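K.L.:
These came from TrEMBL, pasted as-is:
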DOMAIN    6-288  domain 'UvrD-like helicase ATP-binding'
BINDING   Ala27, Gly28, Ala29, Gly30, Ser31, Gly32, Lys33, Thr34  ATP binding site
DOMAIN    289-580  domain 'UvrD-like helicase C-terminal'
REGION    308-327  region 'Disordered'
Amino acid sequence: MNDLLTGLNEPQRQAVEHAGSPLLIVAGAGSGKTRVLTHRIAYLLGERGAHPGEILAITFTNKAAAEMRERVDALIGPRSRAMWVLTFHSACLRILRREAHRLGWKQSFTIYDTDDARRLLTQIVKELGLDSKKHSPRWLAAEISRLKNELIGPDQAASSADDARTKLVADVYAQYDERLRLAQAVDFDDIIGSTVHLFRAFPEVAKSYRMRFRHVMVDEYQDTNHAQYTLVRELVGTGDDRAELCVVGDADQSIYAFRGATIRNIIEFERDFPDAKTILLEQNYRSTQTILDAANGVIRNNTERGREKRLWSDEGPGGRILGHTGDNEHDEAAWVAGRIDELVDAGDTSFGDTAIFYRTNAQSRAFEEVFVRRGIPYKVVGGVRFYERKEVRDMLAYLKLTANPDDTVSAMRVVNNPKRGVGDRAVAEVEALAARLRISFPEALHRADESAGISSRARPGIRRFCEIIDAATELAKTAPPEEVLDRLIADTGYLEGLEQSKDPQDEGRIENLQELVAVAHEFTEQVVRGTVDDDEADLEADVPSFLEHVALVSDADSIPDPESQEGGVVTLMTLHTAKGLEFDTVFLTGLDDGLFPHERSMNKPGDLEEERRLAYVGLTRARKHLHLTRAGTRNVFGQPEYYAASRFLAEIPGDLIEWSESAPPPARVVKSKSPSFGQPIVMRNSGDVPVLDVGDRVTHDKYGLGRVVELKGSGPRAQARIDFGDGEPKWVILRLAPVTKL
Ligand SMILES: Nc1ncnc2c1ncn2[C@@H]1O[C@H](COP(=O)(O)OP(=O)(O)OP(=O)(O)O)[C@@H](O)[C@H]1O
Ligand SMILES: [Mg+2]
C-alpha cells in the first residue's frame with residue numbers, strides 16, 4: 001500500500017483519499033480525526049499533485065498548527081513552508097493585512113484584545129451617561145461579540161432592536177464600531193467578520209483566494225461559530241469553481257458555545273453542500289476501553305447530541321480509574337502529587353506525559369504549592385498571563401502607538417503613565433478637541449499646542465509624550481521591535497520609575513520588561529531564521545508583525561513539549577485548553593458540584609450539557625491512567641465550604657472506579673535497596689542517586705534484574721532506560737526509583 005496510507009484504518013483511508021465533493025468527518029474523541037487531516041495534506045501533496053501553496057488548514061490554536069506543520073514537514077520536507085496551516089484568526093489577519101486598502105484601512109491597523117475592547121466600552125458607557133453597574137462593559141462586550149459572531153452589524157442591530165435592552169446594546173455597538181474605526185483598530189471578532197465582509201463586498205477578491213486555496217481543511221469544526229462557518233463557505237464557494245473542503249469534528253466536544261460556536265454548523269454544512277460525503281470513525285486509538293466506557297457513561301446523559309457514536313478501543317480494558325476524595329483541596333493536591341511520584345517511580349509514566357485538568361484557573365494554586373514542596377517539575381498553562389501584566393501592557397501600548405498613530409485606547413492608557421502632568425481634566429480637554437475635529441485622540445494630542453482649549457499646565461507633558469512617540473515611530477521604520485522597545489522603556493522614564501521604587505513588586509516588573517524585550521528579540525531571530533511560518537507570510541522583523549504575534553498568542557501555545565526537558569514537566573491547565581491533546585496520565589480534579597459543573601451552569605439545561613461535554617473532553621484526553629479527584633471541602637474567601645460530589649461522577653459506571661478513602665496519600669516509601677533487609681526506607685534524597693553507566697546491571701525492587709541501555713540528565717534529573725527483559729525498556733528517574741547497581 002501507498003506509504004502515505006499506512007497506519008490508517010479503512011474509513012480513515014477513505015477520508016484521506018476522498019476527492020471532489022465536500023467531506024465531513026464526524027467522529028468521537030481519539031478516533032484519529034487530526035491524524036486524518038495531517039495524512040490528507042501529505043496525500044494531496046504526494047499523490048494528487050497539489051502544490052503546498054494550494055493548501056489552507058485551519059486549526060484551533062497556533063500550537064496545533066505548529067504540530068501539524070511539523071508532521072507534514074516530516075512527511076514532505078521543507079516544501080511544507082508554503083502551506084497555510086493557521087488558526088482562523090491568523091489566516092484572516094494575513095488576508096486583511098494584504099487587502100486592508102480595499103476596506104479603506106491602513107495596513108498597520110491595530111488589534112484590540114479583550115482588555116482594550118473593554119476599556120473602550122468603559123469609556124463609551126461613561127460618555128453616554130449610562131450606569132456602569134447596570135450595563136457593565138463586560139456584559140456589553142459579550143452582547144456585541146454575540147452579534148458580531150452572528151455577522152449582525154450595528155445598523156442591523158439597531159433596526160431589529162425592539163426593547164430598551166436591545167436598543168441600548170445597539171447604541172453602544174454603533175459607538176463602539178465607530179470608535180474602533182477612528183482608532184484604526186479591530187477586535188478579535190472583527191478579524192473574522194471583516195474578512196467575510198471583504199469577500200462579500202469584493203467577489204473578485206474572494207475568487208482570487210478560492211483559486212489559490214484549492215484545498216481547505218478545518219479541524220475542531222464543532223467549535224466554529226457562524227461567522228467562521230460563513231467565512232469557510234465564502235472561501236470555498238458553492239459554484240463550479242469551488243475548492244475541496246474537508247472538515248472534522250465531534251459534536252460531543254463542542255465547548256465554546258459562549259463564543260458563539262454552534263452545532264448548527266454541522267447541520268448547515270449538510271444543507272449548503274448537499275452532495276457532501278460524511279465519514280464516521282469509530283475506533284479510538286488513544287484510550288483504554290475502561291476510560292472510553294467512563295466517557296461514554298457521562299456523555300450519554302446529554303440530549304443535544306450529534307450522531308449516535310459507538311466508540312470502541314482495541315487497547316483492552318486497562319487498569320481501573322482511580323478516584324480520591326480529599327479532606328480539602330490541599331489533601332486532594334497531595335494525593336495527586338503522591339500518585340504522580342508513584343507512577344513515575346514505577347516507570348509507568350513520565351512527568352511530561354502527565355496532565356492535571358481543572359475547571360477554573362484559580363484551582364492551580366493548591367497543586368503548585370505541593371509540587372514545589374515535593375520537587376515535581378511542572379508548568380501552569382494560562383492563568384495570569386504574561387501579556388496581561390500591567391507593565392507589559394503599558395509598554396505594548398507605547399509600541400502600538402508607533403505602529404498605529406490613531407490608536408486611542410493605547411494613547412489614553414499611557415499618555416500620563418508614567419506621570420507627566422496630563423491629568424484627567426487635560427485628557428477630557430483633548431477628548432473634546434478630538435470630538436470637535438473628528439480626529440483620533442492621539443492626533444488631537446499632536447494638535448494640542450494649536451488649540452486654546454488645552455490647559456497650559458498639561459502642555460509640556462503632552463509635548464513630551466508626542467516627542468517620545470514620534471522618535472520611536474521614526475526608529476521603528478528601520479529598527480527591529482526589541483530596539484524600539486528598549487528606546488521606549490528608556491525615553492518614557494518607565495524603567496527609572498520602577499528602579500527608584502521601594503515597592504518590592506517593582507523588581508518583578510523590571511524583570512517582566514526585560515522578558516518582553518527578550519521575547520521581541522527572539523521573535524526577530526525567528527523571523528530572520530525563517531522559522532516562523534512561510535515565505536508568503538509578509539512577516540518581517542518589524543513592530544507590526546511583532547504586535548500581531550503577541551495579539552494572537554493563546555494559552556495553548558505555551559503547552560510544554562513532552563520532550564522538551566529530560567522527563568518533561570507536568571502540565572496544569574483548564575479543561576478548555578486541553579482540547580485535542582492527549583497524555584498517558586490524566587488527573588481530572590475538582591469534581592465537586594458547583595465547581596464542576598460550574599454553579600453558573602446548573603440552572604440551565606443547555607449550559608449543563610456544555611459542562612458535560614467539557615467533562616467528556618477531559619476524560620478522553622487520557623491514554624492509560626485516569627484519575628478523578630475532588631476535595632469535598634474547599635476554602636472560599638477563608639471559610640470552609642462543603643461540596644457534594646460532582647453529578648458527573650455518578651454518571652460513570654461505579655465498577656470502573658476504585659476509590660481511595662480520604663486518608664493521607666500513600667507515604668512515599670521506597671523498599672530497601674536490598675530486599676532481604678525488608679525494612680522500608682524513606683525516599684532517596686538526591687544525595688544517593690546511583691551513578692550508572694550504559695551496560696551496568698541493576699536491580700529494581702519491583703521489576704527485578706535489568707541492564708542500563710541509555711542514560712540522560714544528571715543530578716536529581718538523572719534518568720536511566722533499563723531493559724528488564726520484559727518488552728520495551730523502561731525510563732526511570734534515578735532519584736526516585738528503587739534501583740541499585742549490582
Ligand atoms: N489508524 C491508526 N493507527 C494507530 N494510531 C492511530 C490511528 N489513528 C489515530 N491514531 C492515534 O490515536 C491518537 C488520537 O488521534 P487524533 O489525535 O488524531 O484523534 P482525534 O480524533 O483528533 O481526537 P480529538 O477528538 O481528541 O481531537 C493519536 O495518538 C493518533 O496518532
Ligand atoms: Mg483532534
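Residue 1 is the first one shown; counting continues down the chain.
Cβ coordinates come from backbone N, Cα and C, glycine included.
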K.L.:
Near Gly28 (ATP binding site), how many other Cβ atoms are within 10 Å of its Cβ?
P.N.:
27
K.L.:
Within its own chain, what residues at least 6 apart in sequence put their Cβ under 8 Å from the Cβ of Ser31 (ATP binding site), listed in sequence order?
P.N.:
Leu281, Glu282, Gln283, Asn284, Tyr285, Leu311
K.L.:
Far apart in sequence but close in space: which same-chain residues, 6 or more away, have a Cβ under 8 Å from Gly30 (ATP binding site)?
P.N.:
Asn284, Tyr285, Arg286, Ser287, Leu311, Glu582, Thr620
K.L.:
If I take every residue in the domain 'UvrD-like helicase C-terminal' (289-580) and average their pLDDT values, what number comes out?
P.N.:
88
K.L.:
Please work out the number of neighbouring Cβ atoms within 10 Å of the Cβ of Thr34 (ATP binding site), leaving out its own Cβ.
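P.N.:
Taking all protein chains shown, Thr34 (ATP binding site) has 19 Cβ neighbours within 10 Å.
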K.L.:
For Lys33 (ATP binding site), what is the secondary structure state per DSSP, taken as helix, strand or coil?
P.N.:
helix
K.L.:
Which binding-site residues, if any, among Ala27, Gly28, Gly30, Gly32, Lys33, Thr34 have a Cβ under 6 Å from ligand 2, given in order along the chain?
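P.N.:
The qualifying binding-site residues are Lys33, Thr34.
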K.L.:
Give the sequence-ordered set of same-chain residues, not counting Ala27, Gly28, Ala29, Gly30, Ser31, Gly32, Lys33, Thr34, with Cβ within 8 Å of the centre of the Cβ atoms defining the ATP site.
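P.N.:
Not counting the recorded site residues, we get Val248, Asp250, Leu281, Asn284, Arg286.
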K.L.:
Reported in the order helix, strand, coil, what are the DSSP residue counts of the region 'Disordered' (308-327)?
P.N.:
0 helix, 7 strand, 13 coil
